[in-house]
C-alpha cells in the first residue's frame, strides 16, 4: 500500500504551526481594527501617505464637512452599554449552563462506567475481539474529560466572539463616516479576528487533547478516538443553549422594537427613543455572535471527531499510520492558510469604493477560498495519504486510492459553493425572488407572508438534490469515510465562513449605533448596505451548514441501511452535523453492534415517525418562546411610550435597563425546555426503546430537520432583505414601494418580524438538534447496547 510522503514528525509540526499562524493573524487583524480610536481627537497622519484602508486619516473627517467630537463620545457610550449588557447576559447564562455541564459530565461517567460494572480490567476490543483494549471505565473517564474540555472551549469561543464584536461595532460606525470601503474593512477584519481565533483554537485544543490521551491509550486508537467524541458533545451541548438562549434574547428585543417602534410609532429602526433599542443591539452580540461562535465551534469539533472515529477503524488506525490518521486535521490546518490568503483579497488586494461592490466582494471570498482549498486538498491528499489504503465499509475493508479521497473532499467543497449561490439567489434583494416578495407587500402583510413561505419551501429543492448527489459520489469512492471528509472539506474554510457570518451582526450593530448617535442618513445608508450583504451571506452559511449536516447524517444512515456493522460547514453551524451524522450516526450503529437497520420493522419505523416530528416540536418551542418574550417586550415598550412624558419628543431618555432585563429573564427561562428536549430524547429512547428505535429517531430527525432548517433560514433572510430593499429605494421599483412608513413598508416590517425567529432562532438551532442527538447517541452507545431497550425486554 505504500507510505505517505509527509512524515509523522512533519504532520505533528504542520498542525500546531498552522494553528499558531491562525492565532497570530487574528491578533494582527485586531491590532489594525484597534487603530480606530473611540475618543475625540486626531490620529497621527502618515506624512500624507494615505494608507488605502484609511487608518492614517483623521478619525472624524466627514464627507459632509462636520467635525463633531460629541458624536465620537456618544458612539463610545453606546458601545459601552451594549458591551456591558452582553457581558452581563452571558455570565448569567453561563451560570445555568455550568450547572448542566457538571451534571451531564457526571451522567456520562456513570453511564459509560457501568457498561462493564466499573471494572478497571482491560477488555476485548469492540471491532477486533482478538485484541485487548482499555477498560470501559477509562472510556468513561476520558469521555467525561473531553466533554468538559469541549464545553469550556465552546463557552470561551462564544464569549471571545462577543467581546470582539462589541469592540468593533462603534469603530465600524466611525469608519463609515469616511466611506463605505473603510467601514467594510473594519467590519470584515473584526469578523476575521473571530473566525481565525475560533478555527485555530479549536484545531489546537483538539490536537493537544489527542496527544495527551495517547499517552494513556497507546496503540488503542479506536478507544482513544471513541473517548475524543466527548469533545464534540461538549461543544455542541453548550452551543445548543447559546444558540437557543441568545436567539430568544435577540429576537424578543428585535420583534418588540420593530412592532412598536416602526409599525405603531413610525420611528426609524434603532431610534434612541425606542426603549428596546439597546436590548436589540445587545441581542445581536449574544445571539448572532456568541451563540454562533459556540455553534460553529461545536460543528467544527464534531465534524473532526466524526472523521477521526471512522479513520480509527480503517487501515490508518489498524496499522497505526499517524499522518493519514490525522488527514482531517491536516485539511483543517491547510484551510487556515487558505482562508488567510483569501482574507487578504477583501482587506488588502481589492478596495471597496461603492455600495454595489460589497456583496460581490463577499461572494469573491467564497469563490477564492473554494478554488484555493481545492488546490490545497489536492496537495494534502498527495503528501499525507498512501497511494492506496482501506476504509471500514460495513464490517469489511474497502480498497481506496488517494485521488478518490481527494475527489470526495472536493465534491463536498464545490457542492457547498453551489448551494451557497442558490441560497444567495433566494435571499439577496438583487434577484427576482426577494424583489417579488417585496412587491407582494403592495397588498399587505398576508401576501408577503405567503410569498415568503413559498420562497423558503422552493429554495430546498436544489440543495436537497446536491446533498443526494454528493452522498452517492462520496460513498461510491470511499464509503462512510468519503462522506465524512466531503463534509469536512466544506468545513475546512470555516475561518472565512465565520468571518463573513460575524461581519453581518457587526454591521447591523454599527447601523444601530449610527442611528442612536444621531449621525446623518448617509452614514445609516452605508451601514444598511453592509448589513444587507451580510444577511445574504449569513443565509448562505446557514444553508451550507444544513447541507453538511444532512450529508453527514444521511450518509451514515445509508451505510446503516445497507448494512451490518456500520459505523458533520457550516460551513458552519452544520459542519458538525454533517460529520456527526455520518461518522457519528454511522459509528453509533456499529458501536452499538446493530447488524442491520430495517425500516420495515416496527421498532425502527416508530423511531422514524417520532424523529421526523422532533424538529417540529423543537421549532414550536423556540418560536413560542420568542413570541412570549416579544409579547412582554411589546407591552413594556408601549407602556414607556404611553407613560413617560417627552419620550416621543426626544427630551426624555427611555428606561433601557428594564427591556434588557425582560430579554435576559425570558431567554434564560425559555432556553431550558428546548435544550432538555434535545438532550433527553436520545437518553430516553435509548434506555427504554433500544438502539434500533434510536437509529430510526436519528434518521427521521435528519430528514425533516434539514428541510425545515433550510426553508426557515431562507424565508427569514428573504423577508429581511425585502424590507431593506424597500427602505433603500435603490431602484424605480423599490421607490414605488416606499418610502419608510408606507403601507408596503409596514407590511414588509411585519414579514421581517415573523422571519426573525425563523432565521435566527429556530433555523440555526435545528442544525444543533440533529448533530447533537447523533454525537450524544454515539457517546452513550455502549450503555444503550448493554442496558437499553428496557420496555421491549419486559414485553
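The backbone N, Cα and C atoms fix where each Cβ goes, and this holds for glycine too.
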Of 271-289, 290-308, 347-365, 366-384, the range TrEMBL labels transmembrane segment = 366-384
Which range of 215-236, 237-258, 479-500 is transmembrane segment in TrEMBL? It is 479-500
Beyond the flanks of the transmembrane segment (366-384) by 6 or more, those residues with Cβ under 8 Å of it | 4-6, 11, 323-324, 326-327, 330-331, 334-335, 337-339, 341-342, 345, 402-403, 405-406, 409-410, 413-414, 416-417, 420, 489, 492-493, 496, 500, 537, 540
Top Cβ-contact partner of the transmembrane segment (135-162) among 183-210, 325-346, 448-473 (pairs under 8 Å) | 183-210
Give residue numbers and ranges for long-range contacts of the transmembrane segment (13-33): same chain, 6 or more residues beyond its ends, CB-CB under 8 A.
-> 6, 53, 55, 164, 167-168, 171, 186, 189-190, 192-197, 199-201, 203-204, 207, 326, 329-330, 333-334, 336-337, 340, 343, 347, 495
Using Cβ atoms only, state whether the transmembrane segment (448-473) and the transmembrane segment (404-427) have three or more pairs under 8 Å that are 6 or more apart in sequence.
-> yes
Sequence-remote contacts (6 or more beyond its ends) of the transmembrane segment (600-618), Cβ cut-off under 8 Å?
-> 674, 677-678, 681, 685, 689-690, 692-705, 708-709, 762, 765-766, 769-770, 792
